[in-house]
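Asks: So TrEMBL says this about it:
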ACT_SITE  Glu143  active site, proton donor
ACT_SITE  Glu217  active site, nucleophile
DOMAIN    2-307  domain 'Glycoside hydrolase 35 catalytic'
DOMAIN    365-466  domain 'Beta-galactosidase 1-like first all-beta'
DOMAIN    491-550  domain 'Beta-galactosidase galactose-binding'
Amino acid sequence: MPFRIFGGSMHYFRVPREYWEDRMLKMKACGLNTLTTYVPWNLHEQTRGKFDFSENLDLEAFLSLAAKNGLWVILRPGPYICSEWDLGGLPSWLLQDPEMQLRTTYKGFTEAVDAYFDHLMPIVVPLQYKRGGPIIAVQVENEYGSYAKDPNYMAYVKMALLSRGIVELLMTSDNKNGLSFGLVEGALATVNFQKLEPGVLKYLDTVQRDQPKMVMEYWTGWFDNWGGPHYVFDADEMVNTVASILKLGASINLYMFHGGTNFGFMNGALKTDEYKSDVTSYDYDAVLTEAGDYTSKFFKLRQLFSTIIGQPLPLPPMIESKASYGAILLHQYISLWDVLPSLVQPIKSEFPVNMENLQLNDSSGQSYGYVLYETVIFGGGHLHSRDHVRDRAQVFVNTMYVGELDYNTVELSLPEGQGFRQLRLLVENRGRVNYGLALNEQRKGLIGDIFLNKTPLRNFKIYSLEMKPDFLKSLRQTAGWSAVPDYFVGPAFFRGRLWIEHQPQDTFLKLQGWEKGVVFVNGHNLGRYWKIGPQETLYLPGPWLWKGSNEIIIFEERTAGRIIQSVDIPYLGRTHKLRRENGPQRNRNLLFH
């Protein structure tokens, strides 16, 4: 029977589990019949050989919930997913191998993929349509046409799926330029875009004859980078394009229907002319907001889809009201320098060691967060990074801040001083590039020597600051927290309490007066903030709050405020309208997602 896919993307790992069903009901109310999700390998196997499909990563529960709510599923299991997600969802421990060739048939890569698929596919296989489940199609990798480093790779991934029991329709997805390079025999090719160029769907016919047509990613908005604008895409333009696609007889998937949030340190980055990391919010100017609220896009699409479907749609669920809990005082602080000795056992090394190759986490290295490199120097002079800092280092002599090193600043002048002093580099991984040809070069921390007066520095103490739950637990119990002084320069941890009288609701934290850092609420890492914007509020989901006392811990790198504001409206920054004629650009000549 003829079947038209009205799809929408929503990622379980970007949305609190308590809200999965709400977002699915909103999909149904909009007129969608299919949910599309990626599967993030780097979350499911954070430590090599240890798999996690629990709580917010319970893929089986998510897919079963989609079925319960009458949605079909297109699953995009990767292994690479792009998705503006750190390293495109590939685990950082793959980069421990200096020869690693990601997204190829390199043995070190395929062995890791095989081990992962051996755990993932037994969850997925029983949920296929032929077994009575919701999965009607499975994507073979993701936009390989933009990478295409190995002509045998797509056939390998296809066989990895088939040999483990995948029997549903296989798909590939690429933008127009990458279409012919991302094909694999036996999989339906689909196309990704925001602007409907004349003939793009006809072009699909030239790469595969007499096949159904589908736009796998119709980009409803776009993502934001730190220091850039907040992108918005006109609702009428979007709906007119969707109508045109449907008029041509194609199926469609809206990327994103609901974007959600890059909680924690999980945002990706782009590297074209320069390195740009993505913000914490993945609002995307999508059909639903970051917090799951309706936009004008929702109601315009609902009207369009109901006309085409020709029958009434379910009523849209009520919106959860947001809370403004007012000003929260951060009353205690502890300096990073004071807390380090009791919290982290340093690794001693003659040479700097990059984050992924630190002997930690059952030899899986460090994936995210910060690393502090300490060494002893005599005198001052000229410090040069030789572009070995990934991605940003604050430099201290003893505890005195002397400047930053990053991609643009590679040298600093160190003040002269008497005797031996400690040189400290606090290096932040701001997010691994998730798209393009630079995936194999995404090692973080110090990736090579740092020079003082042309001599490479040696004999480091290296402190891993991944800021996982165990670290926060130890931090809470540390002695030495004291009242916040009138003036303070970080890096330091600050803590305060948010008291809630009634049933907790979603809210947004505004960090005016703070410079750059990370916020933890009741142990949940809400993500990064940075005064350069565009994003000015962090989304705090109601289910992560408790009635009564809620603990807030902030790691601030430089200048702290005294209070943060809990507000009921997000502010994602000054807007920049995406124009249909040029569309969003990832790099100059490619338009991929």
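Cβ coordinates are placed from backbone N, Cα and C, and glycine is handled just like the others.
A TrEMBL annotation is a machine prediction, not a hand-curated record.
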Asks: For Glu143 (active site, proton donor) and the residue listed as 'active site, nucleophile', determine the Cα separation and express it in whole Å.
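Replies: Distance between the two Cα atoms comes out at 11 Å.
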Asks: Note down the number of other Cβ atoms within 10 Å of the Cβ of Glu143 (active site, proton donor), including every protein chain shown.
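Replies: Its Cβ shell of radius 10 Å holds 27 other Cβ atoms.
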Asks: Tell me, what is the mean pLDDT of the domain 'Beta-galactosidase galactose-binding' (491-550)?
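Replies: Residues in the domain 'Beta-galactosidase galactose-binding' (491-550) carry a mean pLDDT of 98 in this prediction.
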Asks: Tell me the residue counts in helix, strand and coil for the domain 'Beta-galactosidase galactose-binding' (491-550), as DSSP assigns them.
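Replies: Residue counts for the domain 'Beta-galactosidase galactose-binding' (491-550) by secondary structure: 3 helix, 33 strand, 24 coil.
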Asks: What are the DSSP helix, strand and coil residue counts for the domain 'Beta-galactosidase 1-like first all-beta' (365-466)?
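Replies: Secondary-structure breakdown of the domain 'Beta-galactosidase 1-like first all-beta' (365-466): 3 helix, 54 strand, 45 coil.
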Asks: The residue listed as 'active site, nucleophile' has how many other Cβ neighbours within 10 Å of its own Cβ?
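Replies: Within a 10 Å radius of the Cβ of the residue listed as 'active site, nucleophile' lie 26 other Cβ atoms.
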